[in-house]
Amino acid sequence: MTGNEQNPSKWLAAEKKYDSGVYNKHDVVMVRGQGATVWDENGRSYIDCVVGYGVATLGHSHPDVVKAVQEQAGKLMVMPQTVPNDKRAEFLQELVGVLPQGLDRVFLCNSGTEAMEAAKKFAITATGRSRFVSMKRGFSGRSLGALSFTWEPKYREPFGDAVDNKSVDFVTYGNLDELRAAVTEQTAAVIMEPVQGEGGVRPASAEFIQEARRITREKGALLILDEIQTGFCRTGKMFACEHFGVIPDGMTLAKAIAGGTPTAAFAMMSEVADRMPAGGHGTTFGGNPLSMAAGVASLRAMKREGLAEQAREKGAYMMDKLRAIQSPKIREVRGLGLMIGVELKEKSAPYIHAMEHDEGVLCLAATPLVVRFLPPAVISKEQIDQVVAAFERVLNNVNPREERQAELRAQQSEMGQQQVSQGESVQTE
């Protein structure tokens, strides 16, 4: 039983009452975080292997980011991008300094889906084309433009023809023949994640990404890599494309870019940027000085602390530990750096629930069968050991079939008691 079940929270009640209802809320209220640990309102600690869907790769409340935000909040928080700002210029210099060579122009925005919307528009103006190739099992965002690149039907179907699927061809991730057939002289861009996250934590092969680079050049299309979750040290490199020796024409960036503040970007080649007409795209809050200060601090901390190396070393350590678990329920452990998925032979939801409620470990799903771990790169090996031990206990102790059978027996017993009670009531009357 969690603390909130023992002591109902006014904050939980308020959030559930006033929220839009589109989120499936956990029965817990988090109030504080530091490094790889978060605490709920009752003081219970959790090892966080979700970190805001991969945002806090640098850890929660990194002192450099906190200091930068506090100082900037006392100076200037908002300034439109039509008016240059010192922190924005500083951030752009830092960002271009870590980007793959040639990606030296940046459109700043606030979220991953906004970055993908920008990528779509820049691809259209750069090529004069409006068809796209995206990946089955891929996830590119939920706003209407980005949603057209997202494969999962449950995200698209409620909005019908408002989602422009007719201009998008989906190919099987990793299938070279399908990719070659789909990319034509009408294709503006190929959109893909170097590691599919929502699609089950599936790293691409070097051959597939390299062929995507070759064929897009041949056909005059752009290659746009979605590095929203993989970027900024998550996979053991600053960007996942570095594992494959490929430089795209553009990259969508968000999540870990600025230490937890809502910041995103579309980074691109100059020839892509130069073909967008002035005023062809824009944003109100993108590039605001507060987020830019956080971004500068975050990027500098990543380099100084060797965050990519930490993710590479700790990711290999964690995957070795997970692969050592002797459980017939595990089909495969896969990933890159600290982007790790454990595919089970049955649905993952009961195990994810038990990890949170019984073990104090936060993790999440990636497809119904995969448990996804996205710990911060600052997680200690001792904490990794605790997470793996907790997962092994959960695999051993949780039996969804037995629990479901017990629920059914309880329901049948309750129905029987109600029938007996009704019979006694009739006799009494």
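Just so it is clear, glycine is given a Cβ too, placed from its N, Cα and C backbone atoms.
DSSP assigns Gly112 (pyridoxal 5'-phosphate binding site) to a helical segment in the three-state reduction. The Cβ of Gly112 (pyridoxal 5'-phosphate binding site) lies under 8 Å from the Cβ of Gly141, Ile228, Thr252, Ala254, Lys255, Ala264, each of these being in the same chain and 6 or more residues away along the sequence. Annotated pyridoxal 5'-phosphate binding site per Swiss-Prot: Gly112, Thr113, Phe139, Asp226, Glu227, Ile228, Gln229, Thr284, in sequence order, evidence recorded as sequence analysis.
Annotation source Swiss-Prot lists substrate binding site at Arg142, Thr283. Taking all protein chains in view, 16 other C-beta atoms sit within 10 angstroms of the C-beta of Arg142 (substrate binding site).
Look at Swiss-Prot and you will find 411-429 tagged as compositional bias 'Low complexity'.
Look at Lys255 (N6-(pyridoxal phosphate)lysine): DSSP puts it in a helix. Annotated N6-(pyridoxal phosphate)lysine per Swiss-Prot: Lys255, in sequence order, evidence recorded as sequence analysis.
The region 'Disordered' feature in Swiss-Prot is assigned to 408-429.
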One residue among the binding-site residues Thr113, Thr283 has the fewest other C-beta atoms within 10 A of its C-beta, namely Thr283
Rounded to a whole number of Å, the separation of the Cα atoms of Thr113 (pyridoxal 5'-phosphate binding site) and Thr283 (substrate binding site) comes to 13
Smallest number of other CB atoms within 10 Å: among the binding-site residues Gln229, Thr284, that is Thr284
Cα-Cα, Glu227 (pyridoxal 5'-phosphate binding site) versus Arg142 (substrate binding site), nearest Å, comes out at 16
As a whole number of Å, the Cα atom of Phe139 (pyridoxal 5'-phosphate binding site) is distant from the Cα atom of Thr283 (substrate binding site) by 23
